[in-house]
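Novice: Shown below is the structure under consideration.
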Amino acid sequence: MAYVVPRPNLTWKEKIYLPSIVAGLAITIKHLKRMLKGETKVVMQYPEEKWDAHMPEHYRGAPTLVKDEHDRERCVACQLCEFICPPRAITITPEEIPAESKFAKVEKRPKEFEIDMIRCIYCGLCEEVCPEQAIFLRKDYAITGTTRAEMKHDKAKLYELGGVMKGLVHKWNPKK
Amino acid sequence: MDYLYSTDFLFLVGTSLAKTIFLIFLVVLPMVSYTVYAERRVSALIQDRVGPNRTGFPLSLIGGKDWSPFLGGLGQPIADAVKFLLKEDFVPAHVNKFYFWIAPTLSMMPAIVTLAVIPFGSTILGVPMVVANINVGVLFMFAISSVSVYGIVLAGWSSNSKYPFLGGIRSTSQMISYELGMGLSAVPVLLIAGSTSLPQIVEYQIHNGWMMLPYSNGHLGWGKTLLWIPIIISFVTFTISMFAETNRLPFDLPESETELVAGYHTEYSSMKFALFFLGEYTAMIAGSALIVVLYLGGYHVPGIPNGDAQGGIPILRHVPGLIWGIVNITAFFAKVAALLFVFIWVRWTLPRFRYDQLMKLGWLYIFEIALVNIFLTAGILACTH
């Protein structure tokens, strides 16, 4: 059944349409003024301004290797992270620490430690699994490169990003 | 024949060429590109965005410390031009090649040609600042600007595709409807000024006050106040028709991108598309210039002398006329720029008309109001003179 849509009865002001145009222009110029005065919140200008200061403590950025306060590599090349890594981004070549070294009793260290940042999914399992707490997910998120080779972080790069982590490793902590 | 070899003729040709080059290449075309930029920035500001604020010159190329967005987006028009020139100029196989090629130029050229009769300044070193001082300037403007509809119609038709075709049809009917309203709206001004020559209309406004500011010459008068009413009506209808003529929102039905993809220039790419784009903005500038000349006193600013250091406040006449000539040109383009801002402001405020509303507005309101307004003006003129 057909039904009649009730049309609103327009007032004289609404019919000539000009007052609403003026009202619209007033609204847009108000927005323009507020933008010019800087009262409107706008997007962040990314490379110059960053959100880094507001990043949470648990942020999972690029995985990195750390040294302890005696400048010893914490990693003992147990390869647990290599085995647990879901996308298989980590490749470790272990080597024996030479006898004349100060840290000879640690026995092993990585000769090569590569993380392919194209593969890495930032899941944090490597950090979780590491018994020596040698690998940490830091807050670097803008990992860029122009070649695939550049996107493969080698040992030097990983230590550069990781820096030094002080304090005892959890497993040597006194029993609670 | 003797005239062709006379110094007078050479002087005329030389100054006309100089004026044309100055007007087109040094003022209008840069103004067009920066109007596009202004459109993007103003629209962004109105919509609480930032807009293009980065394209500039990377200082790091010349040994700057770091990448800093010097110019803050002012390089955008140059980047756009380079992009348009480098893009592939694709011509679909199904188009009518001849008209497809001729259409973009036909939309750009009329807009530029209309600028020939605009008096954009008083005089510089005794040379009047209008390329062609003809006594039917207003008619010339209307005649040539209506040619630009051919560009759009041919583009729509030769594209051999349904959306451009619809855009072309809409454009034809819209432009024809609003041309009537526009022509009739301007008649009251011609009646009052008693001339169709644009420089003479400006002269009239210098002596008797601007059309829209009748007391700007410092004299009050009952006749002027009465005439103000039809002039305001005429100004409003003329401006509305000008929006429709230049295909600007709320009258952008020929290209309404939400309905017709891009309307008449859907099939165009690269520099051919850019010509349509530039043609639209050049037409906007020409239209604003015409409004400035007819209603806002042209190059005149109250109190400022003209290029021969005459008129204005007496003490300012001691400064050489050349400076005032340049001030007059600046004043003219400042007024045009202000009007262009209004064009942009309106575009980002109003939604598009429905097609029947557009036709109704053109034929039932603008046309009739303009017609009645002519009689109103004539009546007031007959009573007060």
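Each position is counted from 1, following the chain as shown.
Using the three backbone atoms N, Cα and C, a Cβ is placed for every residue, glycine included.
Per TrEMBL, the feature transmembrane segment maps to B:20-37, B:98-118, B:138-157, B:178-202, B:222-244, B:273-296, B:322-350, B:362-382.
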Novice: Taking a Cβ cut-off under 8 Å, which residues six or more beyond the ends of the transmembrane segment (B:322-350) line up next to it in the same chain?
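Specialist: For the transmembrane segment (B:322-350), the far contacts come to 27, 31, 35, 38-39, 42-43, 46-47, 120-125, 129, 243, 246, 248-250, 284-285, 288-289, 291-292, 296-301, 304-307, 309, 312, 316.
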Novice: Determine which residues of the chain contact the transmembrane segment (B:20-37) at the Cβ level, with the cut-off under 8 Å and only residues 6 or more beyond its ends counted.
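Specialist: Sequence-distant neighbours of the transmembrane segment (B:20-37): 52, 73-74, 76-78, 80-81, 112, 115-116, 120, 131, 277-278, 281-282, 284-285, 333, 336-337, 340, 344.
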Novice: So, taking each listed stretch (B:98-118, B:138-157, B:222-244, B:273-296) in turn and counting its Cβ pairs to the transmembrane segment (B:178-202) that are under 8 angstroms, which one gives the highest count?
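Specialist: Most contacts with the transmembrane segment (B:178-202): B:222-244.
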Novice: Thinking of Cβ pairs under 8 Å, which stretch from B:98-118, B:138-157, B:273-296 has the most of them with the transmembrane segment (B:222-244)?
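Specialist: Comparing B:98-118, B:138-157, B:273-296 against the transmembrane segment (B:222-244), the winner is B:273-296.
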Novice: Take the transmembrane segment (B:98-118) and find every residue of the same chain, 6 or more past its ends, with a Cβ under 8 Å from one of its Cβ atoms.
Specialist: 20, 23-24, 28, 91, 130-134, 137, 140-141, 144-145, 147-148, 150-152, 154-155, 157-159, 198, 267-268, 272-273, 275-276, 278-280, 282-283, 285-286, 289-290, 293
